[in-house]
Amino acid sequence: MAAAAASASQDELNQLERVFLRLGHAETDEQLQNIISKFLPPVLLKLSSTQEGVRKKVMELLVHLNKRIKSRPKIQLPVETLLVQYQDPAAVSFVTNFTIIYVKMGYPRLPVEKQCELAPTLLTAMEGKPQPQQDSLMHLLIPTLFHMKYPVESSKSASPFNLAEKPKTVQLLLDFMLDVLLMPYGYVLNESQSRQNSSSAQGSSSNSGGGSGIPQPPPGMSFYAAKRVIGDNPWTPEQLEQCKLGIVKFIEAEQVPELEAVLHLVIASSDTRHSVATAADLELKSKQSLIDWNNPAIINKMYKVYLGDIPLKTKEGAVLKPELKRDPVSTRVKLKIVPHLLRSRQAAETFPANIQVVYDGLFGTNTNSKLRTLSLQFVHHICITCPEIKIKPLGPMLLNGLTKLINEYKEDPKLLSMAYSAVGKLSSRMPHLFTKDIALVQQLFEALCKEEPETRLAIQEALSMMVGAYSTLEGAQRTLMEALVASYLIKPEVQVRQVAVKFASTVFPSDHIPSRYLLLLAAGDPREEVHGEAQRVLRCLPGRNRKESTSEQMPSFPEMVYYIQEKASHRMKTPVKYMTGTTVLPFNPAAFGEIVLYLRMCLAHSAGVVPTSQSLADMQDHAPAIGRYIRTLMSSGQMAPSSSNKSGETNPVQIYIGLLQQLLAGVGGLPVMYCLLEAVSVYPEKLATKFVDKTEWIKSLMNNSKEEMRELAALFYSVVVSTVSGNELKSMIEQLIKTTKDNHSPEIQHGSLLALGFTVGRYLAKKKMRMSEQQDLERNADTLPDQEELIQSATETIGSFLDSTSPLLAIAACTALGEIGRNGPLPIPSEGSGFTKLHLVESLLSRIPSSKETNKMKERAIQTLGYFPVGDGDFPHQKLLLQGLMDSVEAKQIELQFTIGEAITSAAIGTSSVAARDAWQMTEEEYTPPAGAKVNDVVPWVLDVILNKHIISPNPHVRQAACIWLLSLVRKLSTHKEVKSHLKEIQSAFVSVLSENDELSQDVASKGLGLVYELGNEQDQQELVSTLVETLMTGKRVKHEVSGETVVFQGGALGKTPDGQGLSTYKELCSLASDLSQPDLVYKFMNLANHHAMWNSRKGAAFGFNVIATRAGEQLAPFLPQLVPRLYRYQFDPNLGIRQAMTSIWNALVTDKSMVDKYLKEILQDLVKNLTSNMWRVRESSCLALNDLLRGRPLDDIIDKLPEIWETLFRVQDDIKESVRKAAELALKTLSKVCVKMCDPAKGAAGQRTIAALLPCLLDKGMMSTVTEVRALSINTLVKISKSAGAMLKPHAPKLIPALLESLSVLEPQVLNYLSLRATEQEKAAMDSARLSAAKSSPMMETINMCLQYLDVSVLGELVPRLCELIRSGVGLGTKGGCASVIVSLTTQCPQDLTPYSGKLMSALLSGLTDRNSVIQKSCAFAMGHLVRTSRDSSTEKLLQKLNGWYMEKEEPIYKTSCALTIHAIGRYSPDVLKNHAKEVLPLAFLGMHEIADEEKSEKEECNLWTEVWQENVPGSFGGIRLYLQELITITQKALQSQSWKMKAQGAIAMASIAKQTSSLVPPYLGMILTALLQGLAGRTWAGKEELLKAIACVVTACSAELEKSVPNQPSTNEILQAVLKECSKENVKYKIVAISCAADILKATKEDRFQEFSNIVIPLIKKNSLESSGVRTTKNEEENEKEKELQLEYLLGAFESLGKAWPRNAETQRCYRQELCKLMCERLKLSTWKVQLGVLQSMNAFFQGLMLLEEEHADPEALAEILLETCKSITYSLENKTYSSVRTEALSVIELLLKKLEESKQWECLTSECRVLLIESLATMEPDSRPELQEKAALLKKTLENLE
């Protein structure tokens, strides 16, 4: 054994020595490279030898080699082989360690293209190797990435790096790439430099312990990372830039998962080199929408890179090695990372990294203002998005950081603003952090005072956000806050005061008196933003009902009054008091005004009514209640606290009145005047008496410049005066009469007039009251006559001003008379001359229609008229007055009609009217007429006039007015027996007005109907309902119509189209009520519907319909389940009237927002049902309602309804009406969005159910729809669902994919098919290619590709049969091309799973291969090329046999094309499969290469395909033929035996090619080929048969030596010649030409003498042609003559050439034919065209070359002399041919040959002197030849001839 080992070792050493020797002998680089390529890999393998000597020898050799290589950088190493060797799992580590050295050395030397080619191998080689070696390989790979070419469409099959199955390698590569991207340019790893030395440059994180000896790495890297990137050969900055660009390109090409590479792009985008940063930025932007920034993997990586390896307290032994510890990245990179963190919710939640990033950005050593700004943005982001649980631990740290920044950093106002804003946001998220820290509030207030203007806004915003945190303060904290707010309310900065107001209004409860006081002071602020906010807060009313408003909502009136009084008295002693003229006020007027209004609100609130300060009229409604409260306060004797008891007044009411008086005296003001009037009027007995001595002051108020002020003052005066009696009263009235008549000042007259009227009125009221209370006639009789006269005088004085030229005084007189008349009979005569009651009535009535009068005058005149019968039970002109009021309607005066309505009501009922009450002390409801009052009720008469005359008037304005009066009567006199007894007539009247075109008329009528219904008893109500329903729904006339001649419904208003107004709204309401089986509900609906703006006015509000509506809403509540669906739809009705009405009802009924969700199913059912209603209006409203319903609510419960909704909307999308179509489109778009959201995988089972429900509908109905918009939306939805649903699509793929494939053709514009049919073949192919390309990039294909990602064996079983069916029977280019594309994708997505189905798919694709459309054919071939990779061998064999059969047997070009395309595709995409079946494929390819190409057809392209297949898969053509010779001969034989002539010819060409390329064929193949070819020759001539002849000639020429041997089954030369010569006798001229040429070639090759037979065929034809060409022209047309000439020419040329070739070396034969042949040639030389001359000369050259007479041993001087003479005579023609140089050239060659031969045979004497002279003369003519070489040659030959003489 030892001996054997020694021997083997010696052999190895000897081998190594020989290699050494060869290396030594290598002189050139090329030689050295060849030796290295051959021997380096095996030499390295010797390192695994067990023999020390061998290993030593190898090392010596390698040392020598290294020296040689290093000095020669161009020498290439066998890197590919070395990489294979390196990957060998059996190789020992010693070998691999050395192998990688040479890989590292050789790889960078390779051309770039080769490096790119080997790049994937480098990656593969890394698997399982030691870390340093992996680093080395990556160092080689990274520079190559820049040069790599990636496919445009990324797919796994086309990807150069197939990384899907190598997750570990991917991770290694990504880590290395990240380090490369982090590496700064020009960085040098200085071993002497320690980390600690550069701590200042590294920021907060470089303080890493225990690494003092390790050099400082670049930011973001560890020492180890830097070292491995630098490697053995550090990159220059330019190379590093290229590497980084290469990495970005690599990521762009999607070679690694997008998720993994996000961080790399972010890092690259921060690069200092523009090219890298721009490329990365662009890529990041393009992927922005695809990246999930909430993915924890991405965010954690970003944090890790940003922060580096932070030393945390870890378990023992878990501390990171110093050289592996990564530093944080540079500020530049941080600036790129943080913006991406800002996109991420996950980043905000990740603790503790989020807070570390914040602190690093704000306070890190290396931070800058940009980073600080971004960090603050991140704080904002955390505050907004971080969930409650996760923000809790962050709060204190964030707050500390922000306060620290605010305190320390003052340079950048913008930054400070952000910091303050962040504090505000933090407070709104975590109020508990701030609640106890009032110092922070103070700090911010102070900052607001002192900071720059641009920062103040942020502080203001922050403080506003912080307010909520302090709303629960109590005790000392609250007091502290009060003081704080109070101190800042007086600061000069407006923002400070504004925020202080915010704090005062929000921090404290609304009944907190000190804060309200502060707000009241703020309400007097000069700046609008401050006082506006304060007023808004103060006037914000408590809840409308007592349930809502608790007693705490406003301060109690007494307490608030005392507080104000205390503050006022205190302020009067300080400089803050306000001086105005001679008056001193405790507050400025604005604040004081707000204070008294607020006190009035507190008073109202304490009195139990809703406080309001908006309208004096509204305030007066509450006077009786306030009066009761004031009486209580006055009688309870409530006193002020002792501290405030300094002004003398102790009762809160008195203090309140004192404050009002003070303000009124100092500044005045209408609201203040009203408040004082109200306070006194409600309790005059106690309070008015105090003002008796202040009548002069009151009079001064009556002289105020403002009319309203004078009116209120006059009222006040009358209240005060009414408390006095006797002479005092008399003198006051006389004084008033006097001032009234004094016309110096209209204002004084106006005030006095009003005061006089009000005073007389109050006097009469008191008189009436005394009479009713005491019934004391005697006392009554005691009334002083002079008082009565005075009252009459006063009344007449007032009356005299009715005709005043001043409207002001006329109105005042009218008002005053009204007041007198309201309270008692007018003290003037009824009739007669002068100022009488009749005159007064007529005067006032005449003013109402007058255009000269103002509206105010008219209003007052109407009111006054209405009051006369109220105060006077015996008023004589009551009916005249009422008739006058009703007849005064002219134009449309709505407001006036409401006033007339009120007046008619009051006048009709007379003394029983509520107008008779004292409005200050009694409400309408509380009033009852005095028992003894005389009844003057004319309601029956009024009702009769309105119903029988005015409501049926032809004038629409009169009808409207009558309706309003009727409504007023019904509302105000609801209990009147006359109204109750005429309910049906009144209803009929209201119904008749419903059809008016005027909206208000309709609304008034509908409100009236509601009131009428409420008034009836049960039986009445039933009758009213049935009548109303019948009238509304049928349009029949009402039975209670008064006048048979008057039409109730004017102008065909009933039954108008829905677009019109008319009754449609009420019909709908009636229909709605009927559907609920509750017809009476129509009245409730009417009350809720059409809430006209009029009802919000003072006049309208008096009817109290808001209350009625609320009650109606409550009564309808039980019907909500039936109502909600209908009402929901009606809100979207196209008819504006119906829509508004129904929306009003909806708003009244549906107060709970969750109601829609509660009744979702019912609403949906109603909408879907009505989508196909026969009324367009209903269809449109259903679509719009559905659009609204679907948005923003969970639809999990109605998934099963979705298909029905889709399908119904699809139908509506094709509606006849455009507005309906648009509504349907809107609904469909919303439905699409909702469905896409519901198909999200996060929805779980609901998502699955949604997809299962939707897909059939979208595929079958949507995509197949004839409506373009429906199809487009369906596809769009499917695409979005596929993106959203992801893996959930898998179960539905078998249905989805085929449907989408079908749609590729269905959805294509049909015009393309038309154009395709009309186009040429070339145009058609180009167009179809473009169509298929468009289909492949369509949304449908995008969806299909999405689905394909998730396919596996579980769904393929169902999908494949459908796919096969579609391939076979699918219609359309797009569908078939798409199917092929899907199959290709399947082969790459799930190759193993596809194997069982590949056979079926192949079978289906075969039908596509024979498709007439070339584009489909190519697509199917392409698919087949991929599919064979996954199929079983048996299937592949069957396919190849099928293709072989098609090619050999089918004559149609389509079959041949499909074979070429398929085989080519298999070769390109599944080369391994082709190699496994090479024996079947390559012979066919060889045969295919030799197809005879038709000019017009695509055979040329097919030949190229076959050629490519052949060349790609054989080791050189010669090697291929040798390898597959048997198969090639078999297939060519089969081709020759084919019935197709074309195939026979193709077989022949292939055979010829075999013979040519092998140079020699050996038995038995030669015999087989020749036999087959000769068999083919037998029989008639056919197109292409020439190829057989050419093949025979070719084979014989190539194998002439083999043919000399006699071999069984191999035809002899004689047999071959016999067969070919036989073909020369065929009639077909073209064929004959080829046959003669081939026969000549064979004769030449075999040197056989068959000249006799050959010349017998050829020479007669030459002679015949000569005769024909010189003969008479035939009658054939020019073209035929031309063709015949060409054929003759071709024949002559061929014949002469053949004669030259067939000229034998046989003395006897030559003797027989030399003379004849020479003569023939000479003749043709003289007579022919230049082409024939050229051919003859060439033939002559061959003739003389083989002429034995020119050889010494066969000399015959005489015969030769004769031949030469003949020749010389004829050749002179050619030599002298001046036109064609080619003829002259060939002629010179012949003479040169002759002279050379004569010289060699020494037979000069045979060239006679005659010949020489002829030749010399002809050669002399060439001396001036244009071509120098001919000139020279001619001169040389001439000289030779001359020398002979």
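Cβ coordinates come from backbone N, Cα and C, glycine included.
What Swiss-Prot records as SUMO1 cross-link, among Lys856, Lys980, Lys1039, is residue Lys1039. Per Swiss-Prot, the residue annotated phosphoserine among Ser155, Ser830, Ser1612 is Ser830. Scan Swiss-Prot for phosphothreonine across Thr314, Thr689, Thr836, Thr923 and the hit is Thr836. Taking the modified residues Ser830, Thr836 in turn and counting surrounding C-beta atoms within 10 angstroms, the largest count is reached at Thr836.
Beyond the ends of the repeat 'HEAT 1' (28-65), by six or more residues, the same chain brings 5, 9, 12-13, 16-17, 19-20, 22, 72, 74-78, 81-82, 85, 91-92, 94-95, 98-99, 102 to within a C-beta distance below 8 angstroms of the stretch. Mapped onto DSSP helix, strand and coil, the repeat 'HEAT 1' (28-65) counts 34 helix, 0 strand, 4 coil.
A Cβ distance under 8 Å defines the sequence-distant neighbours of the repeat 'HEAT 6' (429-466), meaning residues of its chain 6+ beyond its ends; these are 383, 386, 391-392, 395-396, 399, 403, 406, 413-414, 416-423, 472-473, 477, 480-481, 484, 488, 491, 493, 495-496, 498-500, 502-503. DSSP states for the repeat 'HEAT 6' (429-466), grouped as helix (H, G, I), strand (E, B) and coil, give 32 helix, 0 strand, 6 coil. Rounded to a whole number, the C-alpha distance linking Thr836 (phosphothreonine) with Ser830 (phosphoserine) is 5 angstrom.
Mapped onto DSSP classes, the repeat 'HEAT 17' (1152-1189) shows 29 helix, 0 strand, 9 coil. In the repeat 'HEAT 24' (1558-1595), helix, strand and coil residues by DSSP number 24 helix, 0 strand, 14 coil.
Looking just at the repeat 'HEAT 8' (683-720), the mean pLDDT is 91.
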